[in-house]
Amino acid sequence: ACFVRTDQLDGETDWKLRLAVPDTQKLENNAKLFEIHASLFAEKPQRDIHSFIGTFTRHDGSGEESLDVENTLWTNCVVASGTALGAVVYTGQETRSVMNNCQPRSKVGLLDMEINQLTKVLFGAVIGLAFVLMCLKGFQGPWYRYMFRFVLLFSYIIPISLRVNLDMGKAFYSWSMQRDKEMPETVVRCTTIPEELGRISYLLSDKTGTLTQNSMVFKRLHLGTGSYSTESFDQVREKVMQTYATPADSSSPTKPTALPLAKTRRSEHSRVQEAVKAVALCHNVTPVWEPCDDTQSEADQHYNIERQTHSVVYQASSPDEVALVKWTEEVGLALEKRDLVSIQLRTPNNKILDFSILQVFPFTSETKRMGIIVKDTTTGEITFYLKGADVVMSGIVQYTDWLDEECGNMAREGLRTLVVAKKSLTEEQYLDFDTRYNAARMAIADRGSRVSAVVESLEREMELLCVTGVEDKLQDKVRTTLELLRNAGIKVWMLTGDKLETATCIAKSSRLVSRTQDLYVFAPVVTRTDAHQQLNSFRKKQDCALVITGDSLEVCLQYYQVELLELACRSPAVVCCRCSPTQKAQVVRLIQQHTGKRVAAVGDGGNDVSMIQAADTGIGIAGLEGRQASLAADFSITQFSHLSRLLLVHGRYSYKRSASLSQFVIHRGLIISIMQAIFCTVFYFSSISLYPGYLMVGYATIYTMFPVFSLVLDKDVSDKIALTYPELYKELSKGRSLSYKTFFMWVLISIYQGGVIMYGALFLFEDEFIHVVAISFTALILTELIMVALTVRTWHYLIILAEVFSLGLYVLSLVILKDTFDAQFIKTGDFLWKTTAITLVSCMPLYIIKFLRKKFSPPSYSKLS
């Protein structure tokens with residue numbers, strides 16, 4: 001056997017035990033492996049990494065053995081301990097890892113789609129303007145050549161450089177997020193959609209490991225006759241110590257009764273001891289001893305010499321399991337050793353209890369329980385221990401009147417509950433079961449259902465021992481984060497696979513549902529009539545959060561999809577419990593289709609990957625459940641509380657900056673094209689360029705590129721204000737920063753400024769045309785620099801540097817380009833006053849309008865600045 005890590009395959013960081021084919025373990029050495037004659041049957045390649053059906057048959061007549069997933073080492077697994085020899089079954093495209101690979105979905109942000117629509121409008125404007133001038137010129141001679149020239153002259157209307165500027169801006173936003181000291185270890189894996197963070201309307205969140213820490217702490221033990229919590233665990237420890245305080249020649253506690261249980265009531269000590277022993281035995285935890293630091297005190301070394309150089313680390317497939325085993329160690333019954341065939345427990349008086357492991361039935365999401373059959377090597381007793389969710393265990397254990405009530409009470413406290421039971425077996429009962437179980441495992445067809453049927457035959461009338469409660473603590477600042485998001489107008493839905501009571505409790509304690517809101521628990525529905533009645537009942541509720549299970553959700557979506565989504569989207573919060581990963585992704589897609597709003601999904605486990613990939617913005621949290629969600633997400637954070645800063649600060653800045661940058665690049669192309677159109681009109685519709693090619697290139701690059709791009713440093717409000725007043729975020733989802741309204745406003749500004757500059761230069765024209773070029777181009781550059789200055793809301797030293805640097809470059813060009821600008825003319829006062837006058841007429845009205853608007857109708861953010 002060996003331990004493997006599957007984090008590169010399924011994202012789970014816990015080690016998993018893999019077993020060799022039992023028949024090969026009887027060989028004397030590895031060399032004998034190559035001398036046997038055997039055949040291997042394996043199922044056809046499939047994507048499921050959690051199942052495998054096969055058989056191993058030796059040709060010497062020794063029979064065949066069944067193979068399952070515990071006998072496999074999939075591609076991309078890492079052997080964490082031990083060594084292994086194996087036969088290759090699947091290669092290349094047939095391996096599980098390759099078959100689970102899917103082409104990543106290319107996500108396109110809403111801002112990019114809006115810019116694409118505006119670009120189409122601008123393209124139509126180019127064709128339309130060229131056609132109008134062609135009509136005014138007349139379709140004479142080689143008209144198609146003139147038409148093509150007009151299209152080329154007005155092509156600056158199409159913002160070709162916008163994509164480059166936006167991509168550079170997105171890279172800067174991503175860099176800023178990763179450098180933010182308030183969000184350490186943030187990783188941006190998709191740099192194309194940072195603006196999406198500023199327009200989120202719905203946030204779908206997992207519960208375990210996302211809202212909670214996935215750090216399990218044992219909190220409650222209920223035996224039916226008594227309940228023990230953290231404060232009374234000392235009593236459990238005392239009872240365990242008293243029970244195991246037996247003579248030295250006994251390695252197990254004396255049986256408290258010899259009479260039938262129905263006739264003799266067991267003592268409280270016995271009940272506690274049986275419960276603790278069941279919890280200590282029924283699990284898949286393996287202790288791993290690791291070297292520890294030489295920092296023990298002399299007293300510690302004297303107390304436990306054997307353990308002074310090693311510390312124990314528990315490896316399991318679930319944090320719940322580790323929490324249970326750690327608790328049994330605290331109360332006196334520690335897991336000492338475990339291998340494939342045996343398990344050892346250490347009692348408070350350091351006696352070792354030896355048990356042989358006869359069978360293990362692992363936990364699955366279908367069965368919702370796990371079991372183990374052990375044999376006490378001292379007494380020879382065979383016991384079947386089983387633990388699982390209350391919904392399945394209630395039908396397995398003998399009837400008790402307290403089970404459902406106590407499970408509900410623990411769930412309301414936010415505890416994850418497990419019901420623990422046992423069943424004593426005689427040697428004959430076990431042998432009969434073992435025969436039937438092995439026969440079922442050898443089946444090739446329908447193996448899973450046959451094995452389940454045999455195990456279920458054993459799971460009848462079991463004795464209920466206890467109910468355990470494990471707490472999954474809330475993440476830091478979850479309450480404040482959810483309140484901020486709710487005030488920002490973001491509706492938060494919780495999608496979890498946990499039970500209804502636990503999910504409801506976490507929703508309340510985390511403030512996902514505010515204190516003033518009621519909860520409407522959707523009753524379980526099976527038929528269309530039931531769903532209709534529940535929907536009508538919920539429709540009458542006002543300001544009420546919805547709680548619904550995955551089964552009821554499936555029925556409602558089948559018959560009343562539109563009605564359910566309409567009601568759910570109007571609800572302030574929604575909790576979907578007992579959801580499968582497929583259902584989580586389905587909910588994301590349905591919200592997108594029904595509302596048309598932007599949806600973000602946040603999770604930390606492998607079961608959240610489909611939801612994260614389906615969302616417009618996927619956010620992964622690197623946690624105890626592995627890194628699969630983090631690796632599949634567009635943005636990776638380490639704490640749920642970082643969401644508030646990611647959305648309200650960085651999302652806001654990214655969207656507002658990109659909107660301003662886009663409008664300026666569009667304005668830059670429009671204004672010079674308007675001037676070109678006026679020039680062509682004035683000079684008899686001739687298709688001649690107003691400026692030489694190198695000036696046109698310089699205009700879009702060195703003269704205006706730095707000031708325009710420096711807008712990515714602008715802030716309309718400070719970080720503190722953005723977090724203090726989350727209501728500012730609501731305006732962003734409406735898309736008012738870049739819309740057809742703002743677009744046409746900038747078109748009018750471009751027409752006005754282009755007309756003022758061109759007609760002003762022509763009106764003030766006296767003798768040489770070169771003076772028109774100098775005046776108009778200088779006024780154009782100054783207008784662009786002043787417009788940037790008027791737009792900036794928070795000055796950054798790099799913005800000032802960009803403005804001064806660009807102006808200096810242009811002044812240097814006036815001196816160097818003597819053939820383009822008349823050096824003598826630009827030194828005169830005539831050039832200076834004409835340029836100044838045109839620039840003032842071009843910009844002053846816009847400044848006055850901005851001043852009046854800020855005075856009498858200021859935007860929300862300016863009131864707080």
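In case you wondered, yes, glycine gets a Cβ from its N, Cα and C as well.
The candidate list Lys337, Lys387, Lys477 contains one residue that TrEMBL assigns to the ATP site with Asp206, Lys207, Thr208, Glu321, Phe363, Arg416, Thr496, Gly497, Asp498, Arg578, Lys584, Asn607, Asp608, namely Lys387. Here the binding-site residues are Asp206, Asp604; the one with the fewest Cβ atoms within 10 Å of its Cβ is Asp206. The average pLDDT computed over the domain 'P-type ATPase C-terminal' (631-858) stands at 90. Nonlocal intrachain contacts for the transmembrane segment (831-849), taken as residues 6+ away from its ends with a CB within less than 8 angstroms of a stretch CB, comprise 749, 752-753, 756-757, 760-761, 764, 771, 774-776, 778-779, 782-783, 786-787, 790, 825. For the binding-site residues listed here (Thr208, Asn607), the lowest count of other CB atoms within 10 A around the CB belongs to Asn607. In this view, the densest Cβ surroundings among the binding-site residues Phe363, Arg416, Gly497, Arg578, Asp608 belong to Asp608, judged by other Cβ atoms lying within 10 Å.
Panel annotation: around the transmembrane segment (665-685), residues 118, 122, 126, 129, 133, 136-137, 150, 153-154, 156-159, 161-162, 165, 696, 699-700, 704, 708, 743, 746-747, 749-751, 753-755, 757-759, 762, 776, 780, 783-784, 787 of the same chain, lying at least six beyond its termini, place a Cβ under 8 Å from a Cβ of the stretch. In this entry, ATP is bound by Asp206, Lys207, Thr208, Glu321, Phe363, Lys387, Arg416, Thr496, Gly497, Asp498, Arg578, Lys584, Asn607, Asp608, whose most widely separated C-alpha atoms sit 27 angstrom apart. Outside the transmembrane segment (743-763) by six or more residues, the chain places 118, 121, 663, 666-667, 670-675, 678-679, 682, 772, 775-776, 779-780, 783, 834, 837-838, 841-843, 845-846 with a CB less than 8 A from a CB of the stretch. Per-stretch counts of Cβ pairs under 8 Å to the transmembrane segment (797-816) identify 691-713 as the leading one among 121-140, 691-713, 769-790. Here the transmembrane segment (691-713) sits apart from the transmembrane segment (121-140); fewer than 3 CB pairs are under 8 Å, leaving out pairs fewer than 6 apart in sequence.
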